[in-house]
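K.L.:
Pasting a structure below so you can have a look.
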Amino acid sequence: MAAMGSKDGGGGGGGMAAQAGRLGVVASVAFNLAALAFYLRRRYFGGDDAAAVRKKAEAEVAPSSGKPPVTKDSIINLDHGDPTMYEAFWRGGAGERATIVIPGWQTMSYFSDVGSLCWFLEPGLEREVRRLHRLVGNAVADGYHVLVGTGSTQLFQAALYALSPPGPSAPMNVVSPAPYYSSYPAVTDFLKSGLYRWAGDAKMFDGDTYVELVCSPSNPDGGIREAVLKSGDGVAVHDLAYYWPQYTPITSAAAHDIMLFTVSKCTGHAGTRLGWALVKDRAVAQKMSKFIELNTIGVSKDSQLRAAKILKAITDGYDRAPAAGDDDDDSSRLFHFARRKMVSRWAKLRAAVAASGIFTLPDELPGHCTFANETVSAYPPFAWLRCGKEGVDDLEGYLRERKIISRGGGKFGADGRVVRISMLDTDEAFAIFVDRLAAMN
C-alpha cells in the first residue's frame, strides 16, 4: 500500500497536468458546440436581430394581401378586382364565426360524395350555397345541379367544353356583347382548342351556332345584360358573379340554364379560389363535372370547407336580427356592410370626377331590390371611367404616368379613352386614388 502511495505521490504533477489537459479539451469542445448551437439557432430560428427583421417585414406587408401599405407616393394598382375592402368586415365577430380548423386526418380522400353527380363537391358547401341563394333571392337553386370549380373561370371553361359538339367540323363560336369581360377572349383561346374559339362582339356576330357569354351586371361597366342572340342553335351562359345586393338591385331570382358565381366577389375571399355553377340540364352538368375531373381531379376540399363556413356565417348573420335601436350595426350582415362601403365610395368617386371636369362615369341605375325591399341604385365593383380631355387617346397610359394602374378599354372590346377601375381595394388605396383623380384637369 505504501509503495502504491509512493508511486502516486511521485507521479502527482504529471497526473494533474494530464487531467487539466483533458478538462481543457472538454471545455473547448463544449464551447465550440455551444457556439455552433448559437449559430444554428440564429441561422434557422432567428435571434433578436432576426426577430426584429421579421417584425419589420410583418409591419411592412399587409397580412392578407401580401401588398405593402400604400403611401401618398405609392403606385395605386386598381387593375385587378382584388377585394381587400372586405377585410375590415371579416376582422370582426363574423370572422371569428367563419374560422375553421381542419384536423390533419380530414379531407384526405379525393372523394366527397361518391353517389353525387359532382362527386368532389362537399355536401356542406352545396347546402350553404342553396341557403345563401334562398336568403338573397338572386337565383333559383331548387331543381338545379350545383357544381364547384376552382374559381368561376374553371367553370366557364367547363361550360364551353360541355356545350361544344364532339368532333365538330369547325370550332364552336364564343361571343359576348362589348364591352365584355377582358378574360373571356384570353381564356377561350388560351389552349387553342379545336372545340371552340373566340368570335368577338355578340352584337356583330352573324351565325347560327354559338355560345354567348352574358355577364350581368356587366364587368366592366355594371350594366344589366340579357342575351343578344336568339338563334335556336345557340346557347347562353350567364356569368352572375356580381349579382349580389351590395352591387346591384336584386330584381328577381335568375333561372337561366347555366349560371356562374364566385366566392371572391360575393364574400371577398378571392384567395380561396372557389366558384360554383347552377346547371339545369343533367347531361350538361355531367360533362362539366367530367371536365373538372380531367382538368384538376376535383376541387380542393380544404377550400370548400372554408367556403362553406364563410357562407354559413353570412346566412347566419341575417338570422340574428340587430338589437333594438341598433339597425346600423352591420357587424354580422355582410351585404349591408358592403353596400354602405360601395355607396360611400361611389359618392367620393363621382365627387372627384366632378372636381376634375375631364372624366365621365355611367349614369346610376336604380331599381327595386327584393332583398332590401326598397328602391336602390347600382354601385358596381368596377368603375367604367371615360376621359374627354383633348389629346388623351390612351387613358390607361395617361393614368399610369400618374401612378394609377388601370385596365384599358381595348381589352374589353372598347376604345382607348376608357378604362376599368377596381372599386374594391383598401380604404387607403381608394382614398389616394380619388384624391389624385380630383386633381387631374
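Just so you know, glycine gets a Cβ as well, placed from its N, Cα and C.
What Swiss-Prot records for this protein is below:
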- Tyr110, Ser152, Thr153, Asn219, Asp239, Leu240, Ala241, Tyr242, Thr262, Val263, Ser264, Lys265, Arg273: pyridoxal 5'-phosphate binding site (BINDING)
- Lys265: N6-(pyridoxal phosphate)lysine (MOD_RES)
K.L.:
In sequence order, which same-chain residues at least six apart have a C-beta under 8 angstroms from Ser264 (pyridoxal 5'-phosphate binding site)?
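P.N.:
Listed in sequence order: Gly81, Pro83, Gly151, Ala241, Ala270, Thr272.
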K.L.:
For Arg273 (pyridoxal 5'-phosphate binding site) and Lys265 (N6-(pyridoxal phosphate)lysine), determine the Cα separation and express it in whole Å.
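P.N.:
Distance between the two Cα atoms comes out at 11 Å.
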K.L.:
Going along the chain, which residues six or more apart from the residue listed as 'N6-(pyridoxal phosphate)lysine' have their CB under 8 A from its CB?
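P.N.:
Within the chain, the residue listed as 'N6-(pyridoxal phosphate)lysine' has Cβ neighbours under 8 Å at Gly81, Pro83, Ala241, Tyr242, Trp244, Tyr247, Pro381.
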K.L.:
Counting all other Cβ atoms within 10 Å across every protein chain shown, which of the binding-site residues Thr153, Thr262 scores highest?
P.N.:
Thr262
K.L.:
What count of other C-beta atoms do you get within 10 angstroms of the C-beta of Asp239 (pyridoxal 5'-phosphate binding site), across all chains shown?
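P.N.:
The Cβ of Asp239 (pyridoxal 5'-phosphate binding site) has 28 Cβ neighbours within 10 Å.
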K.L.:
Any idea of the Cα spread of the pyridoxal 5'-phosphate site, Tyr110, Ser152, Thr153, Asn219, Asp239, Leu240, Ala241, Tyr242, Thr262, Val263, Ser264, Lys265, Arg273, as a max distance in Å?
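P.N.:
Per the listed residues, the maximum Cα distance equals 34 Å.
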K.L.:
Are there any residues in the same chain, six or more apart in sequence, whose C-beta is under 8 angstroms from the C-beta of Tyr110 (pyridoxal 5'-phosphate binding site), and if so which?
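P.N.:
Phe120, Ile297, Gly298 - these are the non-local Cβ neighbours of Tyr110 (pyridoxal 5'-phosphate binding site), listed in sequence order.
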K.L.:
Among the binding-site residues Ala241, Arg273, which residue has the fewest other Cβ atoms within 10 Å of its own Cβ?
P.N.:
Arg273
